[in-house]
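All remarks here apply to the structure that follows.
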Amino acid sequence: MQVLCVFGHELVHSRHQMTSLNRGGSVEILDAKTKDKLCFLDKVEPNATIGEIKSMFHKSHPQFYPARQSIRLDPKGKSLKDEEVLQHLPVGTTATFYFRDLGAQISWVTVFLTEYTGPLVIYLLFYFRVPFIYAPKYDFTTSKHWVVHLACMCHSFHYVKRLLETLFVHRFSHGTMPLRNIFKNCTYYWGFAAWMAYYINHPLYTPPIYGEQQIRLALIIFLFCQFGNFSIHIALRNLRPPGSKTRKIPYPTKNPFTWIFLLVSCPNYTYELGSWLGFTLMTQCLPVAFFTLVGFIQMTVWAKGKHRSYLKEFRDYPPLRSPILPFVL
């Protein structure tokens, strides 16, 4: 009997909350670190989204534009998505959220264009042997080995492809990233490009030990994986309508390059790895091999995270798929 009374009290209280919420509730936003009240929003519509609440908060705190805000239900919890609706969240008539400053933000497009333009330009500086890189007698000279010229074309093709995909293919689920990341990313891409280019274009560079056969095989691997990577990017683009953040399970299309989706969750990384393995085989250069290894480790981390996200979000996700390497990893 006591249990029923408690249940009845909770039910009446819940109905009262829902009735009040439907009439418009209030939102208080606290600092996630200090718990100080930063903002109080009155008469917030129950169908308001987190994105709209961020815009309201921005009006009272102009320095914190929406992309810079992380709004959470718990100080140490995960950030709520912009599309989440207030009335669908576990809050009462006065919803309490916690704010954390994500720092200055920069668009993903700007980051990608910056980090990909650098390697393209830096590699060409070494290829043309501009002054102050090698001994003065080698200034603006060209290599006698045709593989050096082929490597330059492949490297340039790769980064021009990435730049064009950034402008015309990719659709980003998140519009921005922390500004500090651009320095870390550029250091990685630009630094490795300089290190690889220095040795490949060095006047004392020696071609691969197995000569033309090795180079031709490497070129086939490189081009195959580049077209495969592009095909996957097109397939992923077609899954997301313009301006949408919709997530769907990617499946193979009529394009044979996409059939690897049967076995792998992130074949774009699989093909990217294959491209750099081909480039390593082509140049037989230790810095390239090291760049490939570091890239593989990082892409494996990303692929595993994406794979876990798919499994969590989609109950009918294909069970045979591995994150990056079929049946292995």
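Using the three backbone atoms N, Cα and C, a Cβ is placed for every residue, glycine included.
The domain 'TECR-like N-terminal' annotation in TrEMBL covers 26-101.
What TrEMBL lists as transmembrane segment is 106-128 (among others).
Look at TrEMBL and you will find 176-329 tagged as domain '3-oxo-5-alpha-steroid 4-dehydrogenase C-terminal'.
Look at TrEMBL and you will find 187-205 (among others) tagged as transmembrane segment.
Residues or ranges marked as transmembrane segment in TrEMBL: 217-236 (among others). Outside the transmembrane segment (217-236), and at least 6 residues removed from its termini, the chain residues within Cβ reach (under 8 Å) are 150, 154, 157-158, 161, 165, 169-170, 208, 250, 253, 255, 257-258, 260-261, 267-268, 270-275, 277-282.
Taken from TrEMBL, the feature transmembrane segment covers 257-279 (among others). Residues 151, 154-155, 158, 218-229, 231-233, 235-236, 250-251, 288, 291-292, 295-296, 299-300, 302-303, 306-307, 310, 318, 320-327 of the same chain lie 6 or more positions beyond the ends of the transmembrane segment (257-279) yet place their CB under 8 Å from a CB of it.
Annotation comment: TrEMBL describes 285-303 (among others) as transmembrane segment.
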Which sequence-distant residues neighbour the transmembrane segment (285-303)? Criterion: at least 6 residues beyond either end, Cβ under 8 Å.
192, 195-196, 198-200, 265-266, 269, 272-273, 276-277, 279, 323-324, 329
